[in-house]
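Read the structure below first, then the notes.
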């Protein structure tokens, strides 16, 4: 299947009305994208350990609420 696997639990997603943010609490660098409840996925973002970054629109955006963070395929 084309469905990407969920990001590990040590990558935490925070949502607000404006942004969806990911925090990497893992020991390794991870590349994640937001999977929205409507089936859309956002662009991939690479987070080194300890990084916190905006990974997509918040719940007032085009795709509504994020569902989870998904791992991006390794290039």
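For all residues, glycine too, the Cβ spot is worked out from N, Cα and C.
As written in Swiss-Prot, here are the features:
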type	residues	note
DISULFID	10-26	disulfide bond
DISULFID	44-72	disulfide bond
What's the CA to CA span in angstrom from residue 72 (disulfide bond) over to residue 26 (disulfide bond)?
15
Of 10, 72, which of the disulfide-bonded residues has the most Cβ neighbours inside 10 Å?
72
To the nearest whole angstrom, state the Cα distance for the pair residue 10 (disulfide bond) and residue 44 (disulfide bond).
17
In whole Å, how far does the CA atom of residue 44 (disulfide bond) lie from that of residue 26 (disulfide bond)?
17
Counting only residues 6+ away in sequence within the same chain, which have a CB under 8 Å from the CB of residue 26 (disulfide bond)?
8, 10, 11, 49
